[in-house]
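Working notes for the structure below.
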Amino acid sequence: MQQQTQPVTVGSENDAREHLKRPKNQGGMTPAKGETSTKLKSLSRKPPVSYEATEERLAGGRAQEDLTLPRSKTESASAKATSSDHGANSDTFNYNKFRGCLLKPPLGRDNGKPSDPKTNERREKVKEMMKFAWDNYKRYAWGKNELRPLTRNGHIGNMFGGLRGASIIDSLDTLYIMGLMEEYNDAKEWVQTSLDLNSNGEASLFEVNIRYVGGLLSAYYLTGEELYKSKVMELGEKLLPAFNTPTGIPRGVINLGSGTSWSWGWASAGSSILAEFGTLHLEFVHLSELSRNPIYTEKVMNIRKLLNKIEKPHGLYPNFLSPVSGNWVQHHVSIGGLGDSFYEYLIKSYLMSDKTDGNAKTMYYGALEAIEANLVQKSPGGLTYMAEWRGGILDHKMGHLACFSGGMIGIGADDGAPEKRQHYLDLAAEITHTCHESYTRSATKLGPEAFRFDGGGEATATRLSDRYYILRPEVIESYMYMWRLTHDPKYREWGWEAVEALEQHCRVESGFSGIRDVYTMTASHDNMQQSFFLSETLKYLYLLFSDDDLLPLEDWVFNTEAHPLPIIRKSCLQDEATQDKTVSE
Ligand code: DMJ
C-alpha cells in the first residue's frame, strides 16, 4: 500500500509514506477510545484451526461476538496463558516436519545458479549490487531504518513506531538466498542483540506487518532459527489491539507500547485503508501456524467475511472503509496505491493454503472480473492499462504500484475457469508490457511514479509531481513472475535494462538512491535507499536471473514485501505418519 502520488521532497520526506503519519492529536486521527488502551497481555491456547473451521465459526452467530470482545473480556478469556510464551501452544510447531512437507529444497540444487554463463554473470552483478547497498547501510546507518546515501547517515522515519533496523529485517532473506553469509550473520546477530520490540512509538500496522512480521517469518522458515520465531511471536501479539474496533477492521496506526490505535488523519472520516487491512492475511495465518493459536487467523478471516458480505459498487472494492460502521466511506477504486495488495493477498491466500481456501479464490476472481469490466482499458496506441475509478468516472492514470498486477494476474491464471487461462496470461503479459513501456519512454529507462493515458501522451507522466522513481520493485516483480510462467527471454532482457539504469542513475558513491525525475539525465537524487530496494527490487532481479528451483513457486508465495512464506500443506503437516525428515540442500 502506498498513499497516492506525493511530491518528492528532500531528505526524510522523500518516501511518500512519510506523509502517512501524523502526530495523534493532529489531522483528525480517530482514537479507538477505550478499546485499545491497555496492551493485550496474553493469548488463549487453542488447537490449530483450519480454514473450513474458521469459516464455520464466522458464519455462526457467536463468531462476531467472539471477535469483537471488549478488551477486558479478551483478557480474561486468555488469562490462563502466560505472556512469555506469546500464546504459543505446547503443541509446538515442528520445523523438521514442515521441511519434510516442502516439495523441493528451498534453495534448489545449486542455489539456483543458472547454467548459462551470461545469465550467471547478470545474477552475480545483482548480488554485487546487494552487497554494495548492504555494506553502505552497515557502514553509515547500522541499526537505523534506512540509509541516506548522499549525506551518509541513517534515516528513522515514523512508519515503524520505535522499531529500528527495517533494512536489516527486510534484508535477512535476500542475503541468505544470495549466499552472502557473512552479511547474513551480521544481520542475525543484530536481531539477537539489538532488535528491541518494546517500543512505544506509533507505527503503521501495515508496514510493520509486511516488513517486520514478513521478514522475520521468512527468515525463520528459511533457516529454522528459533530466534526469529520467538521475535515474530512477540511482535505479532503487539499488533492484535489494532483489531479492537466495533467491526474488527483494524485501524491503520498502532502504538506498539500501549496498544492504542488510530485511523490515519488523512483518511476521510476515520476510515481504514483497503490495502492496509487487506494485507495482513498471509502473515497472520502463519502467526497462527507457528503459535498454534487461531486468534490471528480469526482476525483476518473476520476482515474477509465483512468484505465478502458488504455490497460492492459494480463488484468493486473501494479503498476506504469505516472500522466503526463497516461501510465504504468513498467510492475510489484503485489497483495501485490504497488498494493494490488487497487483491494480491486474495490470490496468494488461496495459493498459500495449498488451494484449499476456496473463499479467497472466489473473491479474487470476482474482484478481477469487476476490475476487467470497469478498470482495464486499451489506449489508442494499443497499450493495456488499469485506470482508476472514482465513483464511476475513470481517471486514466496508472501508478507504478499497480504494475505488480501483471505478475499477480499471471500467477492466478491457472486457477480460474480453464477457458480463461490463456486470457489471463495474455492480460498479465499486456500489463507487464505497458509497465515496461513506462520505463522505455523515459530518458533514464526507469519508470515514473505514475503515468497517464490522456492529454496526448501514453504511459508517460504528465505531471511534474509524478516523475520520480524511488527504487520501487513492482515492474521488476512482474518481469520475474512472467519469466517463471513463460520463459520468454524478453523478461530477462527487460530486467537487465533495469539493472543498467539503476547502475547509471541510482548508484551513488555510498549506496543507491531514488531520483526525482526519470525524464532527465542530470540526476537529482532523493538521498534515500529504501528498505524495499534490498527486500524486493534486488531479490526479484536475483530470482529473475536464477533457475526456477530457487524458492520454487510450488512451495512458496511472496508477501507484498517479497518475503517468501511457505505454502501450508495441512494434510502433510497433520499426517502422523509424516516422518521428521529434513531436506538436505
Ligand atoms: C513495498 O513496501 C510493498 O511492495 C508494498 O506493497 C507497496 N510498495 C512498496 C514498494 O513500492
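Glycine is treated like the rest: Cβ placed from N, Cα and C.
It should be emphasised that the depicted structure is a prediction, and the values quoted were computed from it without experimental measurement.
Marked as active site, proton donor by TrEMBL: Glu207 (among others). Glu207 (active site, proton donor) counts 24 other C-beta atoms within 10 Å of its own C-beta, drawing on all protein chains shown.
According to TrEMBL, the active site annotation covers Asp340 (among others). Its Cβ taken as reference, Asp340 (active site) is surrounded by 27 other Cβ atoms within 10 Å in the chains shown.
Residues or ranges marked as active site, proton donor by TrEMBL: Glu449 (among others).
Per TrEMBL, active site is recorded for Glu474 (among others). The local packing around Glu474 (active site), expressed as other Cβ atoms within 10 Å of its Cβ over all shown chains, amounts to 25.
According to DSSP, Thr560 (Ca(2+) binding site) sits in a coil region rather than a helix or strand. Note: Thr560 (Ca(2+) binding site) has non-local neighbours Ile210, Gly214, Thr279, Asp340, Ser341, Glu344, Tyr345, Phe404, i.e. same-chain residues 6+ apart with C-beta under 8 A of its own C-beta. Under the heading Ca(2+) binding site, TrEMBL lists Thr560.
Annotation comment: TrEMBL describes 1-12 as compositional bias 'Polar residues'.
Taken from TrEMBL, the feature compositional bias 'Basic and acidic residues' applies to 54-65 (among others).
Taken from TrEMBL, the feature compositional bias 'Low complexity' covers 75-84.
Long-range neighbours of the compositional bias 'Basic and acidic residues' (110-123) within the same chain, counting only residues 6 or more positions beyond its ends whose Cβ lies under 8 Å from a Cβ of the stretch, are 177, 179, 492, 495-496, 499, 542-543, 545-551. Residues annotated as compositional bias 'Basic and acidic residues' in TrEMBL: 110-123 (among others).
Per TrEMBL, the feature disulfide bond maps to Cys403-Cys435. Look at Cys403 (disulfide bond): DSSP puts it in a helix.
Sequence annotations record features per position, and here TrEMBL assigns region 'Disordered' to 1-91 (among others).
The region 'Disordered' annotation in TrEMBL covers 104-123 (among others).
When the alpha carbons of Glu474 (active site) and Cys403 (disulfide bond) are compared, the span between them is 5 angstrom. Close contacts with ligand 1, defined as a Cβ under 6 Å from any of its atoms, occur at Thr560 among the recorded positions Cys403, Cys435, Glu449, Thr560. Long-range neighbours of Cys403 (disulfide bond) (same chain, six or more residues apart, CB within less than 8 Å of its CB): Ile431, Thr432, Cys435, Ser438, Gly447, Glu474, Val475, Glu477, Ser478. Residue pair Glu207 (active site, proton donor) / Glu449 (active site, proton donor) shows a Cα separation of 19 Å.
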